[in-house]
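Peer 1: Structure in structure tokens, see below.
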Amino acid sequence: MSEEAKLDDFADSREQGNKETAEWAEKSLIDLCEIGGGSTPKKSNDEYWEGGEILWTSPKDFDSPRLNDTEDKMTKKGAEASTSKIYPPGTTLMVVRSGVLRHTLPVAIVDNQTTINQDLKALDPDREQVNAEYFFQSISGLSEDIRGSCKKTGTTVESIQTNVLEQYPLPVPPKFEQRKIATVLQNVDQAIQTTEEITEQATRVRKGLMQDLFRYGLDEDGELRNSDGSSESYRETKYGEIPESWNIVPLSQLVPEDAPIVYGILKPGDHQPDGVPVVKVKDIHDGEVKQGDILHTSQEIHEDFKRAELREGDLLFTIRGTVGRMAFVPERLDGGNITQDTARIRVTEANPRFIRYFFETETPNNYFERNTIGQAVQGINLEDLREVPVHLPSEEEQAQIVEIIDQHSEALRNERDYLQRLQRFKQGLMQDLLSGTVRTTDTNIEVPEEIAQHG
């Protein structure tokens, strides 16, 4: 997008949007593209796969809206044995048979020619009528409506009905406007992709840093101790090498005697609007207790399980269903309670945030995995949680480690928040652009060749 064509320019084009889309058409998908399928040649035949260079896309490759490589590749013989065409760059791929269709409809555009398996459909647009990038962005923007309209019901594995998909209507503005819309949305996609890459890198850096901090600790200058293991300030334990000055203590020794590690209410009953809030496993996400639809139990039931009453700052740890979700109790839930699937840990003999971060590292996670039991519903016994070995430095070193991780956590949180804002922005922008509410006709948008070459 050129410097003159800022996204803010579209705000002024809303009034023009309804003036109008009279020159826009609405056409069924079958009139705009060729819809094709694919297959899987025998995996046992090495001649079909070994040394292959022809891309073969399956649902497992949908890790990005733009696909340029696949995990599996076919040989020429494999392609000849497949019912799949070799689809050209600019083709939109859609997952049409998968359990993922219960909640989302994966779509992607391919940058290179590819074959596909039987769980996908390839939508190869007629470039005389529709720009390939615009076509993909339209399908992507309308994917939830397509899923709702075209999904087959009453089947074991969710699937999209091809005959219904073929008749799905798509808005078709003039070609010059298609290209501009595609350019705007692709620019936002690129910003999203860049932010995703930054977020992934920040996640890796934070994880590696935490492993080092909890293995080597900090020296008197607040720097990471000698990490080559040659220093005499380390000692070997059954849990691996730790700094000589650190202790290993069970978690139960870090909580007060009058507030042991406990789980909560067995049967909280029906929701009581004026009752006591009860935190369930489903309420704990991304290190926080989410606001919203939290169950409230009666005062009587709460009193029966007062041992698990919450205070602001208590650490919550899920012990059943999904083991290991964590969050600190916020002020709004002070005096609340928890269910039997969550443990309350009131850390007083260590820095609570240090314990929270320690639980993200390899040693305690290996311990949790070894002690998790159950098949259909997995869980860890409360006694095993109480005995988890905590690697504990001095209070000063705990505080230093927490400060370092807090800084990286805040940076990561900011990137994730920005990514979510970009994704929400794109959703709103797609609705405006694809409905004609916002027009691009009078904006100075430079269409790149990679878009113009596909119609």
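Using the three backbone atoms N, Cα and C, a Cβ is placed for every residue, glycine included.
Reproduced below are the annotations present in TrEMBL:
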COMPBIAS  60-79  compositional bias 'Basic and acidic residues'
DOMAIN    23-203  domain 'Type I restriction modification DNA specificity'
DOMAIN    274-417  domain 'Type I restriction modification DNA specificity'
REGION    1-21  region 'Disordered'
REGION    59-83  region 'Disordered'
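Looking at the shown structure, what environment does each listed feature sit in?
Peer 2: Counting residues of the compositional bias 'Basic and acidic residues' (60-79) by DSSP class, helix then strand then coil, yields 6 helix, 5 strand, 9 coil.
Taking the domain 'Type I restriction modification DNA specificity' (23-203) as a whole, pLDDT averages 91 in the prediction.
Per DSSP, the secondary structure of the domain 'Type I restriction modification DNA specificity' (274-417) breaks down as 60 helix, 33 strand, 51 coil.
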